[in-house]
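According to Swiss-Prot, the feature compositional bias 'Basic and acidic residues' maps to 1-15. As annotated by Swiss-Prot, N-linked glycosylation site applies to 223, 353, 436, with the evidence given as sequence analysis. According to Swiss-Prot, the region 'Disordered' annotation covers 1-27, 280-301. The transmembrane segment feature in Swiss-Prot is assigned to 33-53, 77-97, 102-122, 155-175, 201-221, 232-252, 308-328, 367-387, 405-425, 462-481, 494-514, 538-558.
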């Protein structure tokens, strides 16, 4: 039986409590219901997101568009980068103008519209409406000379597709930056332990959506039809939007409190220019009497300064995580390249009783290398419930539960071990290549010369990067939310995700830098492969970068913990977080 309705309960700062009556067990029950709705929305949104990214290169490279592989890869990287770098936009809109509930609702609506536009590009009529007729493929002139340069032309339907992908990235980034803090708002009144558990299960739902997308949506797109696959994506986003609106009565919604980003920038400028510091401080004190400061809307100058001091302490912690993100995103780039040059077994064993045609087809049907991401996802799906129900309660009873910063340091260690394992495996692989011990294997229409090492040797590095997520990314989310000033929680969550995107771009930039002549990734004699590269040194370089920043992180984290234990700092932080 559903709970009877009650009048809307206003609270401080215009906060709206759930439209449900509260019995003796009401608060905890409805808070869990609200959190469960947020987790379900997150799972559906992530399933839709991975459904787009997993086969986007294949879709753009299909006969519908005939994009080159380089053009399709560039579009995918742009989409992934934008989906992280645009995260502060959604957080800022939520803090200043719309509030988190309305920002999420509008973002899901934009998500639905953009995915619908992507769906229309599959049909011939839809492509003609948005892009016109596809031009005939021109015959390239003979170009025997190395100095001959072909003419560059924009790929078919590029403007429409880039616009659709940009809208999808904006919607996904806004949902990512605001849904996290909105879900934490639902359980904040239940204590810090409830917030910690929420972030554990929030990350669990992300990976559950990923595994469902990789197993179902990506398979349908590749083996049945993109029309069916993208229709499922639209349905997932529509269902997420419906569930979010349906759960409105049980949500705690908070009005926009205003973002202090501009105030923070002004204070940063004043602190960098001592000549302006005293004059601005004198002008503020001269124009504001004590009784006027209490009636002034928004944060007072003193609160602005306290927020700025908290922000100055938080940002170094988040910035030192950037090298970890450089390592983390290798599992979607260089780890995949490495796997393509290891021996990949067939899905079906060749049966001597079947026809020659079927035998040929089955022998080329290999396990998708991207499915090794399932090892990363599986370890998260298994370990998060174990950690939440067994390990953390035991450590809490023994008063040995580590802080968020200590967990993040442990996560950086596991990321370091993952990239070291990848480097050792690559070094071993290159020894087989140097001895000319290669195995030709056909993956799709591309021929690769792989080392006779099974691809299953990559599983340890995927498992280790999965464990690192549990200890680095989840506590990082918890740290960003719980330590941020209340009026900047959305923006800080956006900055957290933005910095992860910066790590991805820095990793790509390092690959590009090492691809110049003389670099470790420069392979002019082996176009499309990495057998003449020295990617093991690239892995070890990343490990060295993360090791150095891990030491810096430990120093910054220790200093942060000592400052946080200071009584004056505790009083200031409690006032800031409200």
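Note that Cβ sites are derived from N, Cα and C of the backbone, with glycine treated the same way.
Small disclaimer: the values here were computed from a predicted structure and weren't measured.
If you look at the transmembrane segment (405-425) against the transmembrane segment (538-558), you find at least three C-beta pairs under 8 angstroms, all six or more positions apart, and that counts as contact. Ranked by the number of CB pairs under 8 Å to the transmembrane segment (102-122), the listed stretches 33-53, 201-221, 232-252, 308-328 are led by 232-252.
For the transmembrane segment (201-221), the most Cβ-contacting stretch among 33-53, 77-97, 155-175, 308-328, 494-514 is 33-53 (pairs under 8 Å). Simply put, out of 77-97, 155-175, 308-328, 462-481, 308-328 has the most Cβ pairs sitting under 8 Å from the transmembrane segment (538-558).
Sequence-distant contacts of the transmembrane segment (77-97) (same chain, at least 6 residues past either end, Cβ-Cβ under 8 Å): 49, 52-53, 56, 103, 107, 162, 165-166, 168-170, 172-178, 181, 256-259, 261, 487-498, 500-502, 504-505, 508.
The transmembrane segment (232-252) and the transmembrane segment (494-514) are not in contact, since fewer than 3 Cβ pairs between them lie under 8 Å (pairs 6 or more apart in sequence).
Proximity of the transmembrane segment (494-514) to the transmembrane segment (33-53) is not established, fewer than 3 Cβ-Cβ distances being under 8 Å for residue pairs spaced 6 or more apart. Counting same-chain residues at least six beyond the ends of the transmembrane segment (462-481), those with a Cβ under 8 angstroms from any Cβ of the stretch are 180-181, 184, 195-196, 199-200, 202-203, 314, 317-318, 321, 324, 327-328, 331, 335, 372-373, 375-380, 383-384, 387, 404-405, 407-408, 410-415, 417-418, 421, 489, 492-493, 495-496. Long-range contacts of the transmembrane segment (308-328) within the same chain, counting only residues at least 6 positions beyond its ends with a Cβ under 8 Å from a Cβ of the stretch, are 263-264, 267-268, 405, 408, 411-412, 415-416, 418-419, 465, 468-469, 472-473, 476, 479-480, 483-485, 488, 492, 495-496, 499-504, 506-507, 510, 542-543, 545-546, 549, 552-553, 556-557, 560, 563, 572-573, 576. Counting only same-chain residues 6+ beyond the ends of the transmembrane segment (33-53), those with a CB under 8 A from a CB of the stretch are 18, 76, 79-80, 83, 108, 111, 115, 118, 168, 172, 175, 179, 182-183, 186-187, 198, 201-202, 205-206, 208-210, 212-214, 217-218, 221, 229-230, 232-233, 236-237, 239-240, 243-244, 246-247, 250-252. A coil conformation is recorded for residue 436 (N-linked glycosylation site) in the three-state DSSP classification, outside any helix or strand.
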